[in-house]
């Protein structure tokens, strides 16, 4: 066994280092030699100034951190030592696996009594030792630190040397910049002048980072290859692979490094045998590295380090600090995001999220402007709106039927004047135009994002990137193992009943062992294995949707009963504001329930996805997104759907009302329609979710968790807490941050907001404006969270936003249909058109209100439903009016549906069909007209391919010329030998052997 080249055999007095105990060296697996020591072990005082970003030698950078909770081992073999591991020979692997990784730790007390054996903790320790030994064999360099400021926490620092980085970059096919520079095609003529003017105008709002400046040249990129290292600029190997790439490479090694052969010596006894069998089974479940080790608690955390501190006077300048100043600060809310720097620091997947969020926020600007114009149009024309003027005219003296049984009395239509005037702000002809505009806006936004995505893909060298199948998840491997063990036990039972010859027993055992090894490779989870999980998913989702409907029904009952209770109030002011009071309180209840159920549904969706046991992380994420979106979509929009399409549709008529549970009468819309109430409902829920759930929770909960951690640390070391905080290493500071939980919550809140902006925009034209204001804060809030509150995520390569794009397209298509129904069935736009062109005598809207009201004879009230105080208005009422299209009481078919109702219904359905198909066609036309790939990007991609071919052709030509030169020299050397004979050849000085 060869000794690692980092070790030497110089006398101890010649170096200021710690000598390793000979017994400890035997445990490690190295040959014991006198004075064996580690060159770089002496603590460099300057290394402490690097705040844990480097190993103790101050040269090797920490690329990844593994965190565990060290506990004293049950045996007395383990001896903690203050050494560090480097690259080691593969031959030493077997010896390494039976000892813990040496490092900075506490020395075990020699001769102390052996503590009670904790088999599970010992198993975790042995698995860590085996896993870290495998990492050493993979070429990584490790260093342990248990003497930390955080009590009971140990850290393993991981460094990837140059040869490992090169090897893994080639395996991962990472595109790296070559030495070849080429000029990017610039626009010419008028476009160049326009771009120049735009750059000067937008220069004050550009972030002050080098990556954001317009580039005229670009380095040709090519998948890294160790055989073609001469193509790449390797003058500075330390910066060739940036910290994001280094951590990605280390994480790939951590994922594929297995831990399946950890040895565990339990001694004798039945109890120990049972524990040994249990632990052996758990070890087998941990076939794939770090994911299963984290799930089983072998390690408590694994993360890459941040580049350094982001604030402070003496802080070295780094990308994290630059991002904090130019991206995560609220003072730069008006600036563009430094997307390239975000991608450089966090990776492509997170960079794409913030790029998408930036594009979405930019596109909200024109939508907000048009929405404000539509709203102002409604304000400007409210005094010219004839229907609302007729409702407010006291001279019409229209007496309306009671809104509830017994307790409610007759009322004047003019009392709903304010509601009618407010409804016109959102229910006017401009809202139809705005609905069409927003449908086209959604299609344009999707096309614009596709083009932006292609542009980013080119600049980030992802043009040829294809996602490979990920490693199976630990839970999937565990289920496969359980299935294989069941099959194996069944096969053993079958063989037990079959007699076998004694001479073939050994052969049978070998076959059984080989079958057991290959069993997990053959076994897969089928739909039969997952059927209970699928059935549970279906039942649970249906149940959760039913719960949402039940809560909405409960709120409806609350509205009806509260309206009846307020109607009995003696105060005229209370009775006059019944509708506003009931609506506002019901919406607030809905908002609280939505926020609470959102959190519950998120947890339920994760649990339902876990029991399905998806094979890969990508499959897990997509299934989780689908379930969470479905549940949260139903939860957020069900109250709005009720107001938009169901409220006031099934109320019946005076004398024959529809009741819920035979006690509660269905509520009806205001005389001006349900659109105003829909607007109130939409605005309160949208603004409430954004302010409370998105912003307050994102700010308050991390701050609260941070404060709790601060109190815990203060309680642990109250005396020297300030010194403790000052001396913490980088990996200790990052450990106290929140772990990164993925981008699903960030995307989800934006997709739900996108639904509020597009689905019911016909009823609330100001929705894009409120979304824009929220997103301006949201971008900086998310940026600050990623920079200051979260551990640094592992950079993940991605070429698009994945399943979220399909969800966006689906919401955009659904928005066209919903807005068509809102305009035709919720608003009075279609009834007004029908009256204007079919029933109006003078071609104006005069008489429209009277046309939409039906008459009712108060003598037809059912017993117990007539008002208790029929003289509340000061006179006896014979005929009251209600909003519906029915035959009058003096008709032969009194109170039946009139032909006007069917005419309006036909017009509404026709409008839905025409509107939907026209807008869909226009959206598809926009999709067809705008190319997915910008022309300049397609030209640059083609140019890169041509340049790459030319580069390799020149390289081949150079090799051929060099080969021809060598052959020509050999030919010239052979010519004297042929012309003058062998003697001349031997006497020639060019002859390698000279004269004999």
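Heads up, residue numbers simply count up from 1 along the chain you see.
Using the three backbone atoms N, Cα and C, a Cβ is placed for every residue, glycine included.
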Exercise for the section: Examine the ranges 404-425, 470-491, 492-513, 624-645 and name the one recorded by TrEMBL as transmembrane segment. Expected result: 624-645
Exercise for the section: For the transmembrane segment entry in TrEMBL, name the matching range from 328-352, 353-377, 378-402, 653-677. Expected result: 353-377
Practice task
Using TrEMBL as the reference, determine which range in 694-721, 722-749, 750-777 is annotated transmembrane segment.
Solution key: 750-777
Practice task
State the residue range annotated as transmembrane segment by TrEMBL; the candidates are 255-279, 280-304, 580-604, 780-804.
Solution key: 580-604
Completion exercise
Among 210-229, 230-249, 430-449, 450-469, TrEMBL lists transmembrane segment at 430-449
Fill in the blank from the handout: Other same-chain positions with a Cβ less than 8 Å from the transmembrane segment (580-604) and lying at least 6 residues past its termini are 540, 544, 547-548, 551-552, 555, 558-559, 562-563, 566, 574, 628, 631-632, 635-636, 639, 677, 680-681, 684-685, 688-689, 692-693, 745
Problem - Segment-segment contact (the transmembrane segment (353-377); the transmembrane segment (750-777)) at 3 or more Cβ pairs under 8 Å - result: yes
